[in-house]
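What follows is a set of notes on a single structure, which appears directly below.
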Amino acid sequence: MAFQLPSLPYEHSALEPYIDTLTMEIHHGKHHQAYVDNLNKAIAGTTNENKSLEELVANAGAISAAVRNNGGGHWNHSFFWKSLSPAGGEAPEGLLADDINATFGSFDAFKTQFNTAATSRFGSGWAWLIRKRADYLNAYWKVVDWKQASQLYTDNK
Ligand SMILES: [Fe+2]
């Protein structure tokens, strides 16, 4: 069974004005779709053909670069879409908030370190993404789904 692009859990326009519709359409419909298509090509006719995405990614060190990179891209993007919400933003609460404060000193200090890590990470399209990336990070904080993040954090603690 070939992997398929998951639908977004909201409309492409749902994160406006922080993340615009065209960015979401390109990021989901073209970038993420390309990871799915290239993953399917990379596993076709191999022993990886019937494995789950989690099985592939869990064995990242033992699979080909094409499967690792495209499988990772598919998994990361699938996770990323679920980490955003039109009702997101604000700040985490509960255990996640407590541990962020204990680890980073404050939520703002965490955001600063997160933004620094993200803007200094190598990635494709680096030259033109540098200017976009800072704006995108600022927009990200407006739509991040802290309820979802807290649930995942608590469930896996
Ligand atoms: Fe992406």
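Heads up, the Cβ atoms here are built off N, Cα and C, so glycines get one too.
Summarising the annotation, TrEMBL assigns domain 'Manganese/iron superoxide dismutase N-terminal' to 3-85.
If you look up TrEMBL, you'll see HIS27, HIS77 marked as Mn(2+) binding site. Long-range Cβ neighbours of HIS77 (Mn(2+) binding site) (same chain, at least 6 residues apart, Cβ-Cβ under 8 Å): HIS27, HIS28, HIS31, HIS32, TYR35.
The domain 'Manganese/iron superoxide dismutase C-terminal' feature in TrEMBL is assigned to 93-132.
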Structural state of HIS27 (Mn(2+) binding site), classified by DSSP into three states: helix
Tally of DSSP helical, extended and coil residues in the domain 'Manganese/iron superoxide dismutase N-terminal' (3-85): 50 helix, 1 strand, 32 coil
